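Asks: Encoded as structure tokens, here's the structure I'll be asking about.
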């Protein structure tokens, strides 16, 4: 048995407590697997007196996470505080500066500062592991950076925010509108303190930016992720999609194209019979496509104490076993600063709008599409009680630029009531 | 850049050629990721003159794989010949004895000799990597042994023979009997030279035995895997299962129970709406359940040049990066020789049989079940033209022992025509 691996954990919320529980419960199993004792030395959190349901008196307490990160009796700093600036960033930097490896679940921190932190880690001969930052318990970082290392990755896709998927699938199952399910999630504690992080696609966008960097050997570029939330999805959209054999998912897609790196996190229609289309509730799913492996699908719980702690523990066990690769799978200096793609690859689109109910209204809309070079696959106007008429259009494959031109032209007519909803139909 | 990692490949069939292609095509990418050149030094195969569609003149040729394994100018011996004895075993032993790491796709070799080979590797300070041996392109070995290392694994399940899943799903889709689809697979080259390896569940059983060892820290014990093939599944079974909301899959299940290690590879009914139930065609799926992670599902191509070569390359890249763990995730000497469970955990069963068409026949069958303590969930006798009557029974949860007692009692009656089919209904 080698020397123990000494750990310091900053942040004792759900995930932190989950990690402490595993370290206590599975000490023997973890030693057998890693060949070392995993020894929790010190912890840090805001409130020392709170009962967290797990005994903490055997560990040194630091009220300041930066002080914890600097302790010379730990080998690994486990950052489970969250937040992309402030203490999480300072403590991570302090840990690297004083020669510790870092394990973190903090997607925001790495989405914003990943390149700088990876460079800092390498300069110190250390690494940052972040399996828990993406898709909870699914070992996606490891699968992508190690298991599929022999592939040129061609596309990464995923449903990576369980709350959004819960809302969308519950809208269909219960026939309740978005607002009702949003409130339900708020009550159940499924939403981040700032709900925009969830329903606005930001949290999932952070995760996509991290996967992109590993998949394509590029610098993390969260700023270029095209973000669109689920707030405007109506029950009608869900039902129309279903009737056409699709489901609506908050879907992340990243691919390297000749025109640059395409990264989008937006509600899309996907075939109901595809693995992504079949995904229910708060579960996450990531799809990886590579030149050799074709397509791999990974599915699992995207959040929660156990699954997220499992991912943190996977990283800790790797470090205990001496398995270490560069933060984003290759040296940070070699990561490519690929410019963002100016536009997404062409796709069919789903459009829903309301028109003022007067003769020729539909013709004006069809003309706007035709003038932009967009042909219509199907078009329906529904019976209605309201003074405006609901209209549904599915286009043939088109570019987003052409679509935006058509939408602008529609806006110039006198027949639009409100803004249309336009959703990409993704070939998954 | 460190020194190159020097490779010798024995076996230039589909997978071997696939690996050579990736090494040639992605040399730059592989160097960027691993920090080393991956240098193919020598190859070995039966027929030197065969055109394999890839240039081989730049590599040393060895007609004897053992001689290749012993070369002192290679670091890693890549065994892609297959077969659980003979040259594959000799060459693997020669490679370990002369200090090389081994990468192999050979499930039969490890299922039969895994413990001895793992011990030999450790004595030499080397390791054997075998990602390609289980579930093709799915990084399941890595996910289980590294990504989920913080979990006590509670159950491993999977559909791990693509040919069987293709036959079963095509029976449903095309309404053709087993025999027709078996012939189709033979023509398409989907079957092993000895088809019993596929349709008898042996190949999938090898894979399950390897996953068990990693999941539960036990010695590989293929001899205790309860094997049952798909040869007796009829179109009627498929259709009856579908009508009840199930699908029939050749399903592997491994779990550590208080009564010992349970390992079975057998056709089972699984809920049609579960990820396993939805799996179509030649795709593989592995489900892992752990105390922390809950449930993870991995899905991908189980065979083929690209996907299998992708798995081999993942192992090679790990070795190039210096990522190495013990063959089965922990030292071979510490692997537990857990005895096999005397019987599987209780489950409901599906029974199909034909009865001689005379008064009281059904009553005799019902009595046989009742006497064995098995209660009936549903029972149907079908209209029929033949002189024997088709009968379908779904039991409540029961043990396999009780069921076997009931089947023996049925056999003693004078109403059975032929042997009944009994399939476990698995809670997945």
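Glycine residues also receive a Cβ, built from the backbone N, Cα and C atoms like all the rest.
According to TrEMBL:
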BINDING   A:107  NADPH binding site
BINDING   A:192  L-homoserine binding site
ACT_SITE  A:207  active site, proton donor
DOMAIN    A:350-428  domain 'ACT'
Asks: Just the number: how many Å between the Cα atoms of the residue listed as 'NADPH binding site' and the residue listed as 'L-homoserine binding site'?
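Replies: Counting only the Cα atoms, the answer is 13 Å.
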Asks: Take the C-alpha atoms of the residue listed as 'active site, proton donor' and residue A:192 (L-homoserine binding site) and report the distance between them in angstrom, rounded.
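Replies: Residue A:192 (L-homoserine binding site) has its Cα 15 Å from the Cα of the residue listed as 'active site, proton donor'.
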Asks: For a quick check of understanding: among the recorded positions A:192, A:207, which residue's Cβ has the most other Cβ atoms within 10 Å?
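Replies: Result of the Cβ crowding comparison: A:207.
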Asks: Across all chains shown, how many C-beta atoms besides its own are within 10 angstroms of the C-beta of the residue listed as 'NADPH binding site'?
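Replies: Total other Cβ atoms inside 10 Å, all chains included: 27.
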Asks: Name the secondary structure element type, per DSSP in three states, that contains residue A:107 (NADPH binding site).
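Replies: SS state of residue A:107 (NADPH binding site) = helix.
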